[in-house]
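Novice: The structure's right below; bear with me while I get my questions together.
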């Protein structure tokens, strides 16, 4: 508990310092001008090689889990290097604070509610991603990309929902969360399958081998793809640091933070191996690397959970601790090193961004993501995304933000801040709380969402309420009983 206590103190200190000195930090970096002007002085021309994509998605990693963000007891030098040589998105949100829904939004560019996927599917779920939705992989394949996913999928485990049926050439990993197995401390689950392609190749695999195995396959895929001359899309979707934590012998006991620190050090090693493979293949300058997390940390696991960096609450809540996640973009020679961008973004914006950067076709069905390519190229003059609807638990609209202010609607929620967390793999109890009246937070001055300022800014609350009403009409809202006009069906087993 020693390091957790120190971590929380440091989180709060860092949060206060960032709020007080943000202007000074941005000016010192020399890379934040107006609305995220990130263009490097040696940016590439449009005539160069096709752009490769590496998308690294961590599971339950929080905003305070890297040493450049103030992590205590371990170091993440390779991830820190990405931040130092790329851009850190400080106002980046997972579209929902749970795994399956967040990943559905990431892969399709849609609010999960739009595509009937506002949940995290259990084993043998009768629903999953619809074949009518087009994924990043499907769109890039039209441009001749080699595509692979190594790691966690969580968009349905029936054959018709697996990655090979949705644009990926290769798949190796777990079809859902690594805790959905017989050893769960609270619930009964069937044996956990390990899948290659469309076939189960084993059950209840040794989880300490997962990070290494995913990484080795990712490196091999980079080498094979560059050897063939094809551009590639690599989706490295790590199972860690989701519980149950597991780490290989080469990192066991290496950190002062305990097992969680060991796991983060191994994930950092993985990032380093991927970057080394890009350099050795001489494709670093025509490869965009993105690192993010599917949602915030699972805080009731105590010393087996990450840090939200001082943000309120955690995973499975629509407060910033559950939805504001780390995000780094690295593109050597195009993105100015050490850039910081405060513009509002979400993981649903990744698909349209990649579509624009690669020239891939837009999805045929409407999506919700917005291209952030202009930010990465340094050509935008103003923030691109003006609002983000924050749904949770099927179709309940619990909050909305314009990136500056956040309006929170009355709703019940689980709370981590009222209960003692568990430890050593055992979860603590969750509290139950309720917002009874609308609350407004100034996220620039109060990213931890502690001071309700709705009485000082009624006009801002009214503006956000009008945007929320449009969202309710479009996608519905269980809290107000609105069905929504434009929700699509998920995929279903025949």
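Including glycine, each Cβ sits where the backbone N, Cα and C put it.
What TrEMBL says about a protein is an automatic prediction, not a curated fact.
Source: prediction; values computed, not measured.
Positions annotated as domain 'Sulfatase N-terminal' by TrEMBL: 52-360. The 3-oxoalanine (Ser) annotation in TrEMBL covers 99. The region 'Disordered' annotation in TrEMBL covers 472-494.
How buried are these features, and what lies next to them?
Specialist: Model confidence over the domain 'Sulfatase N-terminal' (52-360) is summarised by a mean pLDDT of 98.
Here the Cβ of residue 99 (3-oxoalanine (Ser)) has 25 other Cβ atoms within 10 Å, regardless of which shown protein chain they belong to. Secondary structure at residue 99 (3-oxoalanine (Ser)), taken from DSSP and collapsed to helix, strand or coil, is helix.
Under 8 Å from some Cβ of the region 'Disordered' (472-494) lie the Cβ atoms of residues 111, 113-117, 126-133, 156, 158, 160-161, 365-366, 389, 391, 393-398, 409-411, all in the same chain and six or more residues away from its ends.
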Novice: Could you count the residues of the region 'Disordered' (472-494) that DSSP puts in helix, in strand and in coil?
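Specialist: Result for the region 'Disordered' (472-494), in helix, strand, coil order: 4 helix, 4 strand, 15 coil.
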